[in-house]
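Below is one structure, written out as structure tokens; the observations come after it.
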Amino acid sequence: MAATTSSGDEPPETKSPAQLIPLLSEDVALSCLARVPRCHYPILSLVSKTFRSLPTSPLLYATRALVGATENILYVAIRIPPESGACWFTLLHRTLSNSTNSKMLVPIPSCPSPSLVGSAYVVVDSEIYVIGGSIRDVPSSSVWVLDCRFHTWRRVSNMRVGREFAAAGVIDGKIYVIGGCVVDNWARSINWAEMFDIKTQTWEPVASPGMEVREKWMHASAVMEGKVYAMADRNGVVYEPKEKKWEMPEKRLDLGWRGRACVIENILYCYDYLGKIRGYDPKERIWRELKGVESLPKFLCGATMANRGGKLTVLWEGKAGSGGSRRMEIWCAEIDVGRRGEREIWGKIEWSGTVLTVPNESAIVNCLAATV
């Protein structure tokens, strides 16, 4: 006999949760959906109520990693007047009706502390760490993290001292931050360099080099061969965590490194004083011009680079508008780079074009690629 309620009515039937894809098990359906390129997620969320929350599901991204369907997505910070802090964007790839690809920078939520200037940036898997920076010329010890899966921000433990224009790099699950503070007291002296353990979420001081090499501001940083390179206007430093050893950078590297750079297959790429892209091989200790990209403009200023899945992505500021135009174009190019023989590095431009238009006097702060 069927159970009844105290009033004699039949109990309401419990509805089973809707299936993602009818006739498929949840595991199989999730495995299929995880392979859909991320640029289609906004459309995917419109398919049904069941799909609506799918793009914000941690299980979906865990499945993407499990089935090898992750993508390298470009994120860009741009300072746009009158804002003093950075506005954040991500590069969106769209396929148009005529089967051509369209690339554009689309806005995402900016850091809750938007007025930070001179922060250091590192990527750890699907997260971007924004480290320090100054607020009204006062160095901050704050650390913000952008979760690139969901475009949400959170704070983690503060550094031991405030910093601006520091260098940072990630090695073996630890973030090393160097410089960016004046060594004018005991606390700043022992914390001129410090390390953040991602697993324990704690900061520890790193034994610093001598006073003569402890610069305040760093203009560039990178990780090569298990070492963090921190470059200043003079007296750059190199730290090797495994040996806990400090050393000076090779002179040829120091003289040739200009602006934002990135490392691909252990070659450091940046642009030189003539605006040409060059690559530095730390084993051979030599700079070589990147050939095959002569159609790109000369990057005299306002350019930055990122390693996006093994491709060299270059972002630069186009010419500012003149006359009645008060707008400036942001350009992007993606280059397939690699060695040719023993003495040459070549690049093939896979695409290049305008990805955003911004007011004059805007400036690219940084670009990074995260895995999602």
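Just so you know, glycine gets a Cβ as well, placed from its N, Cα and C.
From a predicted model like this one, the values you see are computed outputs, not experimental measurements.
What Swiss-Prot records for this protein:
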| type | residues | note |
| --- | --- | --- |
| DOMAIN | 19-66 | domain 'F-box' |
| REPEAT | 127-173 | repeat 'Kelch 1' |
| REPEAT | 175-226 | repeat 'Kelch 2' |
| REPEAT | 228-260 | repeat 'Kelch 3' |
| REPEAT | 261-307 | repeat 'Kelch 4' |
Across the repeat 'Kelch 1' (127-173), average pLDDT on the 0 to 100 scale: 96
Using Cβ atoms and a strict cutoff of less than 8 Å, what residues sit near the repeat 'Kelch 3' (228-260) while being 6 or more residues removed from its termini? 167-169, 171-172, 174, 176, 178-179, 193, 195, 206-209, 212-213, 215, 217-222, 268, 270-273, 278, 280, 282, 285-287, 299, 301, 303-305, 366-367
Taking DSSP states H, G and I as helix and E and B as strand, how many residues of the repeat 'Kelch 4' (261-307) are helix, strand and coil? 0 helix, 24 strand, 23 coil
Residue distribution over DSSP helix, strand and coil in the repeat 'Kelch 2' (175-226): 8 helix, 19 strand, 25 coil
